[in-house]
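To keep things clear, I will list the structure first and then write my remarks on it.
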Amino acid sequence: MSQNQTLARPGPPPRQLSTTSGDYDSSNPPDVRKYLGTYGLTPPAVESFDVQAQRCLRLLAMKPTPIEKFQYLTHLRATNVHLFYRLLSENIKELTPLIYTPTVGEACVRWHEIFTQPEGMYLSYTDRGHLRQILDNWPYKVEITVLTDGSRILGLGDLGVNGMGIPVGKLALYTACAGIRPEATLPLTLDLGTNNKALREDPLYMGARVPKISAEEEKEFLDELMAALTDKWPSIVIQFEDFKNPFPSLERYQNTYAMFNDDVQGTGAVIVGGFINAVKASGVPAKDHRAIFLGAGSAGVGVAKQIVEFFIKEGLTEEEARRKFWFVDSNGLVTSDRGDKLADHKVYFARNDNNGRQYQSLLRLIDFVRPTILMGLSTIGGAFNTDILQRMAKLNDRPIIFPLSNPSSKSECTFEEAVHNTDGRCLFASGSPFPSLEYGEKLLTPGQGNNMYVFPGIGLGAILSEAVSVTQDMIYASAESLSTSLNKQEVADGWLYPDIRRIREVSVIVTRGVIRAAQQNGVDRAVKLRSLNDEQLDAYIKERMYDPHQERDIVGGEAAQLLTSGTNGYTNGVNGITNGVSGAHL
Ligand SMILES: NC(=O)C1=CN([C@@H]2O[C@H](COP(=O)(O)OP(=O)(O)OC[C@H]3O[C@@H](n4cnc5c(N)ncnc54)[C@H](OP(=O)(O)O)[C@@H]3O)[C@@H](O)[C@H]2O)C=CC1
Ligand SMILES: CC(=O)C(=O)O
Ligand SMILES: [Mg+2]
C-alpha cells in the first residue's frame, strides 16, 4: 500500500458505538433499543444501574490478580463507557489503584502481551510530515490529550509504546475526577523508538524496533505535533507525561501552547498542596525547614521549585529558599564541585557549601543536614530504610516523610515502615496508595501525594477558561486550592490531602483556582467567566462536568420523544458535548 493510501482520510468516522455511547447498555428501555438498532442484541431484562454494578463488582471480585481486574475494567470501559464511569466514580478509592498506579505500571510492562484493542492514537517518527493529516483519523472533537513517548513510565524505565497505559489511565481519571467527557479525551503515544532492548527484540512489541531518536529529532517531531494538534483542535489542552527528559519541551512550548508537564508541574503542585498542610502540622515555621530530596530528576526538581515559590510567599528570599534543598542523585549529593557535568535542571540546586566534601551515603548526609523533610523521587524502592527513618524520627517531633516514587514497588518506604520507625509521628504521603494502619489506639491514614489530585483540575480549568497557555500562576493556584480543599473532619484528623472519595468536589475547587489565575494572567479567552462570582463559577464548572449518572436516565416516554426529535449525536461523530446536553445515548 502506498503512503498516500495509508494516510488517506477515511470516509465517515467509524460508528464507535460501544466506546462513546453505551448503546448496548441493558438499562435502555425497549423503544430506545429499537431506535438504536440494538433490540435483541442485549438480554431482555431492563436493568437498573445498581443491578449492573453488582454484577460488575462480583465479576471483579472473581478476578484473582490486579492485572486481571485491570483487564476486566478495560473491557468494561470499551463496552459500556457510562457504566464504567459510574462504577469508577462510586468506588474511586477501591478502583483507582486498579486502573492507575500501581496496577497500570504492571500493565505497561506487559502491554505488548495483554493488548486487546487500541484505546488511543499512535504517531510514529516515520509519520512526520503527515501528522496533521493523521489526526483527521480521530473521529471526535478533542478537548484534552495526554501524550507520552513512553521513555520513563512511572519508575519503570523506558517502555516505548507500551507506555500507552499511562495516557489511557490519566485520561480515565480526567473523566472520573473532573468530568471531562470520555470522548473529548485523546490518549496519545509517540512511537519514537525505545532504548529498551528486550522490548525491541520481543516479537509481540508493537512499536518501532529502533533506539530512541535523538533530542534534535524529537524536537522537530514535537514542533510538528504541537502545531498539528492545535490546528486540528484550536483550544486543545496538551499534557506531557512520563518523558525521560521533559525540560526542553516544557521550556519550548509553555508560553505558546495550552500545555503543561504533569511530572514537573502537576507533581510540584500536588506536593506543595500537601506540604503546606504538613508544615502547619509540623509546628516548625517554614523558615526553619530543611529538605533532602532523594532523586534529582524531573519530578524532584519540579517539586522543589514549587516549594521554593511557597517559601518565598512565606517571606523568605529566593536565595534563602533555594538553600533549603539538598539533592541526591545516582552519584550522591548534587554539588557544584563533584567533578561531573551536572544536567542543566540540577544546577540551580547544586550545593557549594560542602567544603569539598562529597556525600554518597544518605544516612551521613542526614546527619550533616539534619533535615525536617525527606522526599523520595528516585525510583529506588526501599531506599528509606529503618536506619534512615529512625534517624529522621530522632531529629524531629514530626518528620515529613514523602516517598513519592511509583508504582508501589518503587516507593522509598511503605506507610507501615514509616509509622513503625517514627513511633507513629511522621507526616506521610506516598505516590502510590497504602492501606490505613492501626497504631496503638489510633487508625492512621496515609496521604497520597499523587498528581491525580491536581492535573484533572488544571486541565479542566484550562479548558473552561479557554486558556491560551498554562501559566505558572495557574499551576501554583492548583496547589493552594488543593491545600484548602480539606473539610473540617479531615483537618481535625490531621490529614494532608482530602479523602480521595471527594475528588470531584476537590476538582471543582482546584478548577476554580486555576480559572481565577488564568483570568489574573489574562490568558483566558472565555471572558464571560470573569463576571461570575465564586459561587456562580462553581455552579458553572459543575454544570459542565460529565456525570455518568445522568447518561442513562431515559425512560420510555422521554425515549419516544427523543426518537422524534432527530437529535442524533452520531451523524457527525461528535455527540452533544458542546452544548452540555449529552446526545451520546441516542
Ligand atoms: N507522586 C507523584 O505524583 C509522582 C511520582 N513520580 C515518580 O517519581 C519517580 C522519579 O520520576 P522522574 O523524576 O520523572 O524520573 P527521573 O528519571 O527524571 O529521575 C530519577 C532520579 O532518581 C535518581 N536516582 C536513580 N537512582 C538513584 C540512586 N540509587 N540513588 C539516588 N538517586 C537515584 C536519578 O539520578 P540521575 O539524575 O543521576 O540519573 C534521577 O535524578 C518515578 O518513580 C515516578 O513514578 C513522578 C511524577 C509524579
Ligand atoms: C504519577 C506520575 O505521574 C508518575 O509517577 O509519573
Ligand atoms: Mg507521570
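Even glycines carry a Cβ here, placed using N, Cα and C.
What TrEMBL says about a protein is an automatic prediction, not a curated fact.
As given in TrEMBL:
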- Tyr100: active site, proton donor (ACT_SITE)
- Lys170: active site, proton acceptor (ACT_SITE)
- Arg152, Asn406, Asn450: (S)-malate binding site (BINDING)
- Glu241, Asp242, Asp263: divalent metal cation binding site (BINDING)
- 16-29: compositional bias 'Polar residues' (COMPBIAS)
- 77-254: domain 'Malic enzyme N-terminal' (DOMAIN)
- 264-519: domain 'Malic enzyme NAD-binding' (DOMAIN)
Out of Lys170, Glu241, Asp263, Asn450, which recorded positions lie by ligand 3, with a C-beta less than 6 Å from some atom of it?
Glu241, Asp263
Among Tyr100, Lys170, Glu241, Asp242, the recorded positions whose C-beta sits under 6 Å from ligand 1:
none
Listed recorded positions with Cβ under 6 Å from ligand 2, out of Tyr100, Arg152, Lys170, Asp242, Asn406:
Asp242, Asn406
Cα-to-Cα gap, Arg152 ((S)-malate binding site) vs Asp242 (divalent metal cation binding site), nearest whole Å:
5
Specify all same-chain residues, apart from the site residues Glu241, Asp242, Asp263, whose Cβ lies within 8 angstroms of the center of the Cβ atoms of the divalent metal cation site, ordered by sequence.
Thr148, Arg152, Ile166, Phe240, Phe243, Pro246, Asn261, Asp262, Ser298
Starting from the Cβ of the residue listed as 'active site, proton donor', draw a 10 Å sphere and report how many other Cβ atoms land inside it.
26
If you count other Cβ atoms within 10 Å of each one's Cβ, which of the recorded positions Arg152, Lys170 has the most?
Lys170
Mean pLDDT for the domain 'Malic enzyme NAD-binding' (264-519), rounded to an integer?
97
To the nearest whole angstrom, state the Cα distance for the pair Asn450 ((S)-malate binding site) and Asp263 (divalent metal cation binding site).
10
From Tyr100, Glu241, Asp242, Asp263, the recorded positions whose CA lies within 10 Å of that of the residue listed as 'active site, proton acceptor':
Tyr100, Glu241
For Asp242 (divalent metal cation binding site), which residues of its chain lie six or more apart in sequence with Cβ-Cβ distance below 8 Å?
Thr148, Asp149, Gly150, Ser151, Arg152, Ile153, Leu154, Gly163, Ile166, Asp263
Max CA-CA distance, Å, over listed (S)-malate-binding residues Arg152, Asn406, Asn450:
17
Rounded inter-Cα distance in Å - Tyr100 (active site, proton donor), Glu241 (divalent metal cation binding site):
14
When you measure from the Cβ of Asn450 ((S)-malate binding site), how many other Cβ atoms are you left with inside 10 Å?
26
Cβ packing number for Glu241 (divalent metal cation binding site), 10 Å threshold:
28
